[in-house]
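Peer 1: Before I ask anything, let me first share the structure, which is written out below as C-alpha cells.
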C-alpha cells in the first residue's frame, strides 16, 4: 500500500512510476523474494521526499516604489519559495509580457533581475517575478515591484565596471562528471560593459562551451575531466575593466570500466570476477556475497580480493551465489550483481566442443572441412525446480572472424573446397530461451593438414664463431613451421626471444655482446601453438672489448657557489664490454686561457669539481673506459658551476597609471654578469603604507600583512608588469629585485606612488566599530571609528535610524542626519520604550558608503538590551548580597553599642546623685564627655568612649542609592575620621565594577553602554 499523498498531478505520476518499478521487481526468481521486499520498502522510503504539496508563496506586503537616478545600477530580488525542484524564473509585467533582456538588463541563476545602468524608460510599477514549477504545472507570481528612475540634474557620470555577481575577484566551483556547469558574470557600469570569457590553460572550445544571456553565462553540458581548470571573465567599458577568476574542479561519482558477467563453472575451476570502476576521488571497491559483505563472512583461503578483482580458487557447489561488487566514493555508489553457478553434470547446456574433420580428394590439396559442436542438456536444474528439458528450441550459430557464416541444427559446419582464405577464428554459439554458451577456435589452412602443435627442433650447432657473432643451425621437428630463437643473458640468467624467422630457414647469424656467455635454444610455432623448446646448445663466451658507447644525458646539477656537480645516465652492465669498467670525466672552462682538459675518473655519478668559482661555464664530457681501452670520443656539453645571489639591483623604476587601481611598472634590466646564475625573472615587492588621509580624528586600522605586502613574480627577461587590484586613495611603495635559483638579489630604490579617489567607502568589521552610550532615558550618544578604507576624502557621515517592526522587512525611516567629520553624536528626545536601529554611512565624492549598523535603547526603562550589564543575573545577585551584608553589620553595631552603654550610663547616674548638692541653682545637670575620670572609673570611661564611637563612626558612612527602578547601585564605605572625612582604609566592601570606588557623595554611574561591530 502506498502512503496517502496529496492528489496533485505530479504526485500521481510518481506513484505510477513506483508501481512499475515494483512490478518489474516481482519478475525475479523466488530466491530474490526476500531481497524484493527490502528493495520495495526502501524505494518507497526514498521517494517519500517527493510527496509534497505545491510550493506556495508567503503573503507579502506590497513594496513601496524604489527611486533611482539615471545611470545607477539596480537589482530586483525574486527569492522564490524553497522547493525540491528548482523553478524557472520569468520576469513579466502585469499583462504577462516578458521584460526585455539584453546586455544591460539580465537575470542571474538565482532569478534576480540586474540592471547594469538605469535609464528613464526603466520606470514602471509592475515588475513581477514568476516562479514556474514545470513538473507541477504551477506558476507562482510574487508581489509587483515598482521603480522610478528620475533624470539626473547633471551630466550622467560614466563609471568603470564592477561585478554585481559573483562577488570578489575569485570563486571556486566543484562539479561532477556528466553534470551541467554554468558560470555567470553580471557586471554594472556606464556605458554598459562588454563581457569576454577565457580559459587560462587552453582556448575555449566552441563545441564544449555555450554563451548564454548575452555572454553573461558560460555553460558546459556533460562536464568531463578535461573541463577542469581556470576560467576568467573580463567586463570592460571605456572607463576600465574588472576581472573575475573561476577555479573549476571536476570530480566524478563512480562509473564502471569493467563489470563481471554471469558464468557457469565446474567444480575445481578458478573463478576471476573483474570489477573495475573509475571516479574522482578514486572509488573504493568492496564485494558482498548474497548481500553480506565478504568482511563479515567466515574467512576462506580459497577466496581473496586483489585490486578490485575477486578470485575464487577450487570452487565448489557451495560457492554458487550472487556476488555483488560495489564502488563507492564521497559522491555516490554503484552496484553490480554477478551470478556464479558451479555445476557438475546437472547444468542447462554443456559447454560446446568443436571437432574438426577434413577429407582430401586424391591427388588434390583441396578438401572438405567439417566442424562439429557438441552439447548436452539436463533434465533438472538447481535454480528453477521442475524445469522441462524437452520442447526447447535450440539455436546454433557459427561465426567466422566475427561474421555470421552458417547455421545447422545438428551443430555441424561443413566447408567444401577448402581454400587458404578459410583460415580464421571460428565460434560456435548454442542458445535457448533460458541459457547460452559458446566455444571459439582457430583454423589454419596450409599445404598439409595440421592437427597438432609442431615437434621440438633438435641438433643445435654453433659455427663461424667470432668475437661479436656466431652462426646457429638446427633441424626442424615433426612439423616444419616458423621457429624462433632464444638467447640466455649471463647477467640476468633468463631466456629472451631474439628473433622469429620463416619456416625455410635452418641457420642464423646472431650478433653478440663482448664479455658475455650465451646458451641457445629453438622452438617451432604453427597456428595451433608453440612446440616445446629444443635442448640448449653448448655455451659460447665472447671475449672482452673496449666499450662501444658512452653515457648519455651528461649535465651539471650544481648547488654550491664554488663547485660543479657533473652527473650522467649510467650504462647497463652488459654494455661494460670488459673488466675494470669506469667513467673518465673531462672538464675545462668554456671561455678562458686554458685549452687543456682536466680529467678524473669515477665508478658512478655524480662527480664534484671544487674551486670553480661562481657560475662559470665549463665544457664537460664523460667517456666509458675498461681495462682494454676507452670508448668512442664523446661530445662536449656545456655545464655551469653553482649559482650565487645576484649582485645588482634594477634601476630606473617607473610607474604609469592605467586606471585608478591598476599601474604599469617598468624598470631597466640588470647586467647578466651580475646575476651570477640563470636569470629566472624579477620580483616586485609592493607595500601599502595606508590610506591618504590627514584627518587626526580618523582611526588608522591595521590590515592583515597579506593585504599590506604583495610580491608579484615576473618570469623571464620581461622588464615591465601590470599590477592591478590596488586600493583607492592609498599610498604605496614598491621595489624590484632580480632572482635566480639561489634567491633574490638587492632591491631597487623604493618608488613611492599614490592611487586617486575611487569607489565608495567600505567598513571592515575587524577594525571599524560603532558603540553607543545612554546618559539619560531620552538621550543616546553614538561613537564610531573612522573607516580604514575611505577610498577618498571623507566629507562627512550620514546617520539614519528607525524602529524595527517584527514581521515587516521594510521599516519606516524616522530621521536622516548629515554629520560633520566628528566621530560621535548625541541624539536627544528619544523614547525610552523603543528599541532603535541605527545605520551610519561615510560620505565621499563617490557617494554614500556601505552602512555599519547597531540596535539599542536608552537606559533600562526602554526595555532589556543586550548591551547593559545592569540587567544581568550575576550583577543583581551581587548587589543583593552586598545589601544583606550591610544590614548584618548595622545590626551588630547596634547590639555592641547597646551592651557597652549600659555600664557607662549607670556610673554617670551615680556621679550625678553624689554631686547633685554641688550644682548651682538653675543649672541643669548632665553628663559631660570632657569631664576627667577618676582612677577607679578609668575602664568605665574607655568603655563609654568606645561605645559612643561605635555607631557614630558607622551610622553616617552608609551611602545607599537606588535607581529609579529600585535597583541598588550604592556602596559601603569606610569609617569617618573625627573631622567628618571618610576613611577608605577600612575593611568596607568594594564595588564589583570598580575596585577604587569614589566617595559616597558620588553616585553610581547611571549609564547604559553598548558595543557592536559592523554587520
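Note: Cβ is positioned from N, Cα and C throughout, glycine not excepted.
Relevant sequence annotations retrieved from TrEMBL are reproduced here:
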COMPBIAS  482-496  compositional bias 'Basic and acidic residues'
COMPBIAS  933-948  compositional bias 'Polar residues'
COMPBIAS  984-994  compositional bias 'Polar residues'
DOMAIN    55-146  domain 'Ig-like'
DOMAIN    161-249  domain 'Ig-like'
DOMAIN    254-341  domain 'Ig-like'
DOMAIN    352-444  domain 'Ig-like'
DOMAIN    453-545  domain 'Fibronectin type-III'
DOMAIN    550-644  domain 'Fibronectin type-III'
DOMAIN    649-758  domain 'Fibronectin type-III'
DOMAIN    766-862  domain 'Fibronectin type-III'
REGION    445-496  region 'Disordered'
REGION    529-557  region 'Disordered'
REGION    904-948  region 'Disordered'
REGION    969-1015  region 'Disordered'
TRANSMEM  874-895  transmembrane segment
Peer 1: Work out, from DSSP, the number of helix, strand and coil residues along the domain 'Fibronectin type-III' (649-758).
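Peer 2: Secondary-structure breakdown of the domain 'Fibronectin type-III' (649-758): 8 helix, 55 strand, 47 coil.
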Peer 1: Would you say the domain 'Fibronectin type-III' (550-644) and the domain 'Ig-like' (161-249) are in contact under the rule of three or more C-beta pairs closer than 8 Å, pairs 6 or more apart in sequence?
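Peer 2: The domain 'Fibronectin type-III' (550-644) and the domain 'Ig-like' (161-249): touching, no.
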Peer 1: If you run through the domain 'Fibronectin type-III' (766-862) with DSSP, how many residues end up as helix, strand and coil?
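Peer 2: The composition, in the requested order, is 0 helix, 48 strand, 49 coil.
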Peer 1: With DSSP as the yardstick, break the domain 'Ig-like' (254-341) down into helix, strand and coil residue counts.
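Peer 2: Each residue of the domain 'Ig-like' (254-341) counted once, the result is 6 helix, 51 strand, 31 coil.
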Peer 1: Per DSSP, what is the residue tally for the region 'Disordered' (529-557) in helix, strand and coil?
Peer 2: 0 helix, 8 strand, 21 coil
Peer 1: List the helix, strand and coil residue totals of the domain 'Ig-like' (161-249) as derived from DSSP.
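Peer 2: Counting residues by DSSP class gives 3 helix, 54 strand, 32 coil.
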Peer 1: Over the domain 'Fibronectin type-III' (453-545), work out the mean pLDDT and round it to an integer.
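Peer 2: Taking every residue of the domain 'Fibronectin type-III' (453-545) together, the mean pLDDT is 82.
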Peer 1: Work out, from DSSP, the number of helix, strand and coil residues along the domain 'Ig-like' (55-146).
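Peer 2: Across the domain 'Ig-like' (55-146), the residues distribute as 3 helix, 35 strand, 54 coil.
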